[in-house]
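Structure first, then comments.
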Number of protein chains: 2
Amino acid sequence: MALSAIESFKVEDHVVVDTEKNNIQEHSETSKWVLSAPDPPTLWYQIVVSVRNSISHYQQWCSSLRGQHRAKVVLSFLTAIFPILDWGHNYTVTKFRNDLLAGLTIASLCIPQSIGYATLAKLDPEYGLYTSVVPPLIYAIMGTSREIAIGPVAVVSLLLSSMIQKLIDPVADPVGYRKLVFTATLFAGIFQAAFGLLRLGFFVDFLSHAAIVGFMAGAAIIIGLQQLKGLFGINHFTNNTDIISVMKSVWESVHHPWNPLNFVLGCSFFIFILLTRLLGKRNRKLYWLPAISPLISVILATVIVFVTRADKSGVNIVKHIKGGLNPISMNEIEFNSPHVGALAKIGLVVAIVALTESVSVGRSFASMKGYHLDGNKEMVSLGFMNIIGSFTSCYVATGSFSRTVVNFTAGCETLMSNIVMAVTVIISLLCLTKLLYFTPTAILASIILSALPGLIDINEGYKIWKTDKVDFLACIGAFFGVMFVSVEIGLLVAVAISFMKIIFLSIGPGIETLGKLPGTNMFCDVHQYPMAIKIPGVVIVRIKSSMLCFSNANSITERVTKWITEEETEGDKEDTRSIIQLVIIDASNLVSIDTSGIASLEKLHKNLVSSGKQLAIANPRWKVIYKLKTTNFVKRIGGRVFLTVGEAVESKLDC
Amino acid sequence: MALSAIESFKVEDHVVVDTEKNNIQEHSETSKWVLSAPDPPTLWYQIVVSVRNSISHYQQWCSSLRGQHRAKVVLSFLTAIFPILDWGHNYTVTKFRNDLLAGLTIASLCIPQSIGYATLAKLDPEYGLYTSVVPPLIYAIMGTSREIAIGPVAVVSLLLSSMIQKLIDPVADPVGYRKLVFTATLFAGIFQAAFGLLRLGFFVDFLSHAAIVGFMAGAAIIIGLQQLKGLFGINHFTNNTDIISVMKSVWESVHHPWNPLNFVLGCSFFIFILLTRLLGKRNRKLYWLPAISPLISVILATVIVFVTRADKSGVNIVKHIKGGLNPISMNEIEFNSPHVGALAKIGLVVAIVALTESVSVGRSFASMKGYHLDGNKEMVSLGFMNIIGSFTSCYVATGSFSRTVVNFTAGCETLMSNIVMAVTVIISLLCLTKLLYFTPTAILASIILSALPGLIDINEGYKIWKTDKVDFLACIGAFFGVMFVSVEIGLLVAVAISFMKIIFLSIGPGIETLGKLPGTNMFCDVHQYPMAIKIPGVVIVRIKSSMLCFSNANSITERVTKWITEEETEGDKEDTRSIIQLVIIDASNLVSIDTSGIASLEKLHKNLVSSGKQLAIANPRWKVIYKLKTTNFVKRIGGRVFLTVGEAVESKLDC
């Protein structure tokens with residue numbers, strides 16, 4: 001605010017500064033070290049370095065190939081892109097036996113889940129199966145994880161349908177809806193690949209762990225509620241996903257005449273699946289039982305309906321599933337659609353959620369098996385898999401949490417299990433789709449329901465509550481946002497709370513007084529270390545933030561001034577030596593300071609000088625001392641900059 | 001993401017941890033201090049304390065009155081609310097002579113400015129004069145500053161009109177527009193008073209200094225462009241404020257036949273005002289000349305137009321100004337309007353901008369005269385002044401930058417100068433409005449134009465560029481946002497960039513290696529202190545952020561792992577002792593850590609253990625050590641927590 005105009009009035013201040021200048025003492029060696037530090041790298045230099053680092057990753061890799069035989073270079077290049085060439089080299093029959101078993105197990109879980117998730121994504125059932133064919137194959141040749149099972153997942157299916165159905169009605173215009181889904185899938189793939197190629201993996205970290213726990217739990221409940229449609233055989237179901245709309249929808253349909261057969265069928269197989277899971281937990285050898293129980297349920301229920309022709313008595317069935325391999329969908333991708341901007345946004349959100357699920361599952365298992373998972377490489381693989389998926393009638397696929405656990409438990413060795421799974425799904429698509437005609441939809445609902453408890457992690461929620469209350473707030477915010485508003489709002493709430501926390505913590509105007517620890521030369525927070533002794537006549541203050549900037553500078557300096565007054569009035573009661581002569585700011589925390597921060601320090605200094613006190617800075621960091629030097633603040637405080645608080649305290653005794 | 005389900009597989013990890021537990025060494029006294037710190041205050045306790053502090057301010061004040069005579073209590077209470085009772089007590093004739101002079105000087109500047117700013121706010125001229133009557137009087141009895149000159153200001157007038165004209169057309173429905181302006185003024189007043197009463201002064205700090213410099217410069221140019229309408233006598237002028245729309249508007253009107261008389265008149269008096277200002281600067285005794293030159297211009301120009309009847313030749317004139325005192329406008333405030341939500345938002349934005357201008361001007365002059373300005377008390381005064389203003393046909397008033405400087409230069413002693421100014425404006429409203437009939441609008445435009453250069457502070461912009469590049473980005477962002485889009489977008493851009501900077505700095509995954517300063521026991525950044533010596537076999541890392549949280553935890557631990565690998569391979573070339581045995585994390589910066597942060601530290605520890613390295617934590621802060629203890633991380637790393645980096649290094653030598 002045109003402060004330079006005001007500055008022209010500050011004639012008297014300059015006089016103060018001038019008399020001070022003569023007062024600069026000869027400082028110790030260490031103070032000289034502080035003041036003669038080399039200039040820190042400029043912002044521009046930092047940007048250049050960070051770009052160079054991103055590129056150098058590729059350069060290093062290229063230079064490591066130099067001087068080698070051309071065939072070897074090509075091979076090494078291909079191996080880096082397609083790790084299958086590496087592990088395929090040492091592939092053995094024993095490994096294949098394990099992978100075959102694991103692959104068949106996840107296939108038996110994958111087929112009914114894929115059909116169910118396609119319904120959740122408001123697509124025809126075959127699109128779920130298509131998504132379990134191409135993406136796993138692509139990932140198998142590009143991916144670096146060994147356990148991840150690729151395919152459609154519940155949360156991404158729900159997210160996709162809940163966002164795209166706002167643009168177009170999936171019931172009225174299924175073809176148009178499908179086109180938008182493929183376009184969004186392409187965008188998601190492009191974003192994922194771009195994050196990986198540009199080494200922007202940190203984007204995925206923006207969803208905090210707490211937010212994900214809350215989001216997943218909320219999404220699981222929402223997905224469960226969506227299954228009520230299939231379980232009750234309701235025909236008119238709300239398009240909204242929030243709990244209130246859905247319960248209203250269910251309530252209304254209950255008043256209409258409804259067929260309890262769907263419910264009975266669904267529930268009995270739901271109980272069957274839960275029982276097999278219990279058995280599997282009790283007896284580790286029966287691990288395959290819970291994994292194949294969904295398939296058994298589908299077969300049994302289909303046979304029951306076929307034999308009794310229950311579909312005529314009102315049991316809803318899947319009916320026609322289009323057989324055959326994935327049709328090409330390249331011509332269905334629409335860049336000229338008026339919704340292309342919205343689709344890009346949807347693609348971005350879905351890309352981040354899908355990456356979060358896949359990368360966090362992959363990392364957990366990799367650290368368990370003791371190998372390193374390159375996050376950026378993973379993103380590229382997942383991205384390419386979705387790009388090619390969008391050309392072959394697949395919607396967004398990612399690493400499935402439930403199937404990855406089954407894959408690991410079934411003893412998979414490599415990504416071959418994904419290939420086995422994909423081949424099994426291809427065979428089903430070619431030969432078995434007709435057999436699924438009589439599959440009751442209630443069974444699919446109960447299979448999805450049975451996969452949900454794994455997404456709700458109450459233990460983790462409790463752990464978050466115990467460790468960090470604000471984290472828990474983000475968790476609960478995401479949970480209720482998803483439950484009561486919508487999936488996107490839930491995500492947004494979680495991200496917003498996480499960032500609000502960062503802002504509040506970093507701008508928090510907290511300061512703490514330091515005292516000397518007996519027998520050492522350390523100065524520490526007197527509250528954390530009750531044995532610390534305050535130095536009479538000196539106030540030592542440390543800022544509890546890594547920056548002194550516009551948002552906290554004023555409050556901090558005001559608080560320091562208030563403390564000094566309090567210290568002096570308190571001291572008055574006890575003894576007379578309590579007049580504060582020196583105020584030391586321990587700047588060891590401060591990573592950066594901005595123009596407002598420097599301005600407030602100058603104001604503080606002026607106030608102190610006017611009441612006969614001195615200001616000293618201890619242990620300033622690189623950028624901070626640089627800025628204090630360039631703005632002449634160091635000169636103005638008579639060069640009282642010290643390496644340690646102890647030296648600053650001694651300086652008071654000297655004078 | 002259901003990590004507890006995964007954890008059931010981590011049997012082998014627990015074995016590692018158990019063998020480690022037996023390994024806990026007997027630590028020194030200082031390590032015990034670190035580990036036995038009392039529990040830090042909980043979040044709930046902190047909230048309670050902060051609320052109590054807000055209240056205790058009032059309680060303290062009440063308790064200080066206890067035991068005193070009732071009349072004295074009432075007087076003390078009244079003095080706190082109305083500081084005029086305090087300074088009015090010691091008011092002398094000498095002081096009044098100075099205040100009278102200063103008051104008349106700012107009145108002569110205020111009358112033409114008020115009329116001009118009312119035009120900028122798209123209100124009739126008399127509303128500007130009304131705003132220079134009631135608010136200064138209220139502020140004079142409630143305010144704590146001694147120099148601030150209250151009244152309408154350019155930026156607030158522009159902001160108000162540019163936001164409210166989106167709701168209603170000021171030309172088509174001037175009465176409805178006025179109602180919305182009064183309602184927005186009431187909201188602004190309520191927000192300002194509420195900020196003060198709830199001690200939320202830090203809200204004003206959210207507009208960083210850099211952002212304000214850019215915003216003010218942009219607004220000044222936009223205001224200047226708006227004056228082209230008056231200067232060229234254009235009748236059809238755009239409602240948009242951005243530079244492109246305005247220049248288009250001007251360009252179109254130039255092609256129509258236009259009257260150069262307005263332009264000639266405006267320019268000649270603009271030059272006259274600038275000349276008097278130059279004279280005033282050269283000769284300090286003529287300080288009153290630039291202050292009254294606007295009034296002289298108005299009088300001269302009015303006389304010229306009246307004598308020559310130039311209005312008949314196309315010179316635009318003010319025409320009728322309604323005389324008489326402020327009419328009551330309480331009945332014009334509309335809470336039932338459909339725009340009430342939008343008006344509340346406008347009120348909030350205007351309140352913050354107005355507070356920023358007034359408080360920063362007030363603080364600058366207070367620190368120059370060496371007295372303390374209570375920000376919260378100021379906000380209450382400004383708030384009440386606007387609340388009462390909205391009941392008496394005033395729009396948002398605040399401390400004017402240009403008139404405050406004049407007030408100070410003219411030698412004002414107390415807020416009496418504001419009272420003198422208000423009385424002068426009352427007299428003009430009662431007797432002189434008829435004389436302003438022939439005042440040409442081009443003169444008002446030139447008066448506003450002449451006040452603008454004070455808002456553009458290129459020196460300060462250069463200073464910001466030199467100190468902090470990102471701050472400068474916020475400054476430039478606000479400037480171009482205001483110039484090319486709209487006033488609100490400019491503000492939004494400035495706030496957004498400022499907060500983005502905070503987020504990027506606080507989540508930045510920066511780490512630095514520490515080395516020992518020769519002859520001391522200090523460990524410092526090896527880049528800042530080139531003389532620092534790295535300890536062989538030990539990597540000492542400090543995190544350049546005050547929190548280890550979801551957004552930076554993964555990247556930081558990944559970077560630490562990478563550094564260790566680099567350190568070992570680099571060392572290999574030189575000597576063989578370079579195998580890293582100990583990794584020390586200097587946690588002295590970390591103010592907080594969240595669940596993701598702890599999880600990533602645990603992963604790092606596991607990785608280190610698997611390659612035979614140890615992890616130690618040095619100097620953890622209060623909340624950090626508390627969380628590391630509650631999550632059992634301290635036990636898991638074998639209790640290797642030390643008070644200083646030095647002790648941590650020694651621990652390696654011991655084992």
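Quick reminder: no glycine exception, Cβ is built from N, Cα and C everywhere.
Lifted from TrEMBL, the feature list:
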TRANSMEM  A:148-168  transmembrane segment
TRANSMEM  A:180-198  transmembrane segment
TRANSMEM  A:210-228  transmembrane segment
TRANSMEM  A:261-279  transmembrane segment
TRANSMEM  A:286-307  transmembrane segment
TRANSMEM  A:340-361  transmembrane segment
TRANSMEM  A:382-402  transmembrane segment
TRANSMEM  A:408-430  transmembrane segment
TRANSMEM  A:476-499  transmembrane segment
DOMAIN    A:548-652  domain 'STAS'
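Among the listed stretches A:286-307, A:340-361, A:408-430, the one sharing the most Cβ pairs under 8 Å with the transmembrane segment (A:180-198) is A:340-361. Tertiary proximity for the transmembrane segment (A:382-402) is limited to same-chain residues at least six positions away from its ends with a CB under 8 Å from its CB atoms, namely 109, 113, 121, 123, 127, 130-136, 138-139, 142-143, 145, 148-153, 156-157, 160, 181-186, 188-196, 326-330, 333, 350-351, 354-355, 357-359, 361-362, 451, 454-455. Between the transmembrane segment (A:340-361) and the stretches A:148-168, A:210-228, A:261-279, the greatest number of Cβ pairs separated by less than 8 Å involves A:148-168. Mean predicted confidence for the domain 'STAS' (A:548-652): the pLDDT average there is 83.
Between the transmembrane segment (A:148-168) and the transmembrane segment (A:408-430) there are at least 3 Cβ pairs closer than 8 Å, counting only pairs 6 or more residues apart in sequence, which means the two stretches are in contact. The helix, strand and coil residue counts that DSSP assigns across the domain 'STAS' (A:548-652) are 59 helix, 15 strand, 31 coil.
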